[in-house]
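Swiss-Prot has this to say about the protein:
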- Asp262, Asp268, Asp320, Phe321, Asp322: Ca(2+) 1 binding site (BINDING)
- 231-352: domain 'C2 1' (DOMAIN)
- 363-496: domain 'C2 2' (DOMAIN)
- Thr136: phosphothreonine (MOD_RES)
- 13-35: region 'Cysteine motif' (REGION)
- 56-76: transmembrane segment (TRANSMEM)
Amino acid sequence: MSFRKEDGVSSLCQKALHIITELCFAGQVEWDKCSGIFPADRSGQGGGGTDISVSLLAVVVSFCGLALLVVSLFVFWKLCWPCWKSKLVAPNVSTLPQSISSAPTEVFETEEKKEVEENEKPAPKAIEPAIKISHTSPDIPAEVQTALKEHLIKHARVQRQTTDPTSSSRHNSFRRHLPRQMNVSSVDFSMGTEPVLQRGETRTSIGRIKPELYKQKSVDSEGNRKDDVKTCGKLNFALQYDYENELLVVKIIKALDLPAKDFTGTSDPYVKIYLLPDRKKKFQTRVHRKTLNPLFDELFQFPVVYDQLSNRKLHFSIYDFDRFSRHDMIGEVILDNLFEVSDLSREATVWKDIHCATTESIDLGEIMFSLCYLPTAGRMTLTVIKCRNLKAMDITGSSDPYVKVSLMCEGRRLKKRKTTTKKNTLNPVYNEAIIFDIPPENVDQVSLCIAVMDYDRVGHNEVIGVCRTGLDAEGLGRDHWNEMLAYHRKPITHWHPLLELPGRATSFDSQGSCSSPRPPSTP
């Protein structure tokens, strides 16, 4: 029984000792209280094992960190060294000897200073064969020295940055339609060594319009027109106004040098006369047989108010009478200004060339408009003022006219504008402005086509007459354009006669150079 009690007590002691050990090592009991229970050698063994494990862990961590640092440095050197090497080595240094590349940069600076001093001083008589860099460095040959100087001068220059001028984006929509455009990159913008005065004169002359050049062109154009028009004799007539009876008295005197229309070498001429724009009332002379120089001496009277004479024209048509066929037209004479010779208070005799024609020219009326161009803004203003004596297009003897203006470039219509429609009138008044944006460098490439249209509610609108203005126009159209360019910023107003469009149809949109443009071809 005693042995069993001892075994139970010992087991209880072991369990208590085990619990105390767990509490001590778990940190729930202070170590000083536990140190008296355990032997000293055992506690020392536990502390030494802990110190060894901590030191071993520190060694492992240090070694891993050092290895990671070495690996990162190696990778960084492999990646960045080629870039640094390419930057450090100049592209032209390889052509120089190896001895120059090993020289210090301070020598380069001293050589540059010496070169500046030598340029300021007179040139020496002889070139030194070599220059000592230091007491320990070898001699540099003279050829290497000159190459070094050239290299330094080349890299010491400050390169100037140049930019090409860019055009304004305002007229991009206009330039897309133009077949010809100025290549800005081909213009030479280099700085020359010209004198300042001469360069200033060149700048001021660019873009300036010289009126005398345009005047010379207009004079030449008038001479060319006279040469182009074929004449077929002369017509002599006299004009006088009867103030009491309000009559215009026209006396057809004679004609000279008419062409032969018959097989016999003669003609049977007679003359028709109109006071335009009224074609309902006409007069005709007697027929003179077999003569090329007929003598008429016949008087005709047109009832007209004196104040209306400035808006009237005399139209003479000379015909060759043929009994069995259609009468052949010899030519015509149109007197636009009845006051060309005098005020008609007394009889005034007039000689006019007979212009060859095969058909009678129909008077379609006139249009008055003004042109004004602002070169700085690149803006052209066409003001349609009014029309007069338009041709009647309706059965009622009237028309419903409106004006259609097209901006043309080499037969293609770039833009179009139109005025309001005036109802039942042959003398409409508009006073409407039409604006086009045209860059100054493209003014000589464009023209304006002005068409007077008759509005028709049913069917197509009909063309009454057209006129053109521009550098490629003829007669008054070109003169009006040149006058606008010579006196820019000032409205220039003129009357223009309306002409029949050759081969016209009932619709203006399908005619000639005023047709709708084709879309530009894509590259």
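Heads up, the Cβ atoms here are built off N, Cα and C, so glycines get one too.
Just so you know, the Cβ of Asp268 (Ca(2+) 1 binding site) picks up 19 other Cβ atoms within 10 Å once every protein chain is counted.
Cβ proximity to the Ca(2+) 1 site centre (mean Cβ of Asp262, Asp268, Asp320, Phe321, Asp322, cutoff 8 Å) flags the following additional same-chain residues: Lys261, Ser267, Pro269, Val287, Tyr319, Arg323, His327, Asp328. DSSP assigns Asp322 (Ca(2+) 1 binding site) to coil, not to a helix or a strand. Residues of the same chain that lie 6 or more positions beyond the ends of the transmembrane segment (56-76) place no CB under 8 Å from a CB of it.
Within the model, the region 'Cysteine motif' (13-35) shows a mean pLDDT value of 73, rounded to a whole number. Counting other CB atoms no more than 10 Å from each candidate's CB, the binding-site residues Asp262, Asp320, Asp322 peak at Asp320. Close to Phe321 (Ca(2+) 1 binding site) in the fold, though at least 6 residues off in sequence, lie Asp268, Pro269, Tyr270, Val287, His327, each with a CB less than 8 Å from its CB. Secondary structure of the domain 'C2 2' (363-496), assigned with DSSP and counted as helix (H, G, I), strand (E, B) and coil, comes to 17 helix, 66 strand, 51 coil. Taking DSSP states H, G and I as helix and E and B as strand, the domain 'C2 1' (231-352) has 6 helix, 67 strand, 49 coil.
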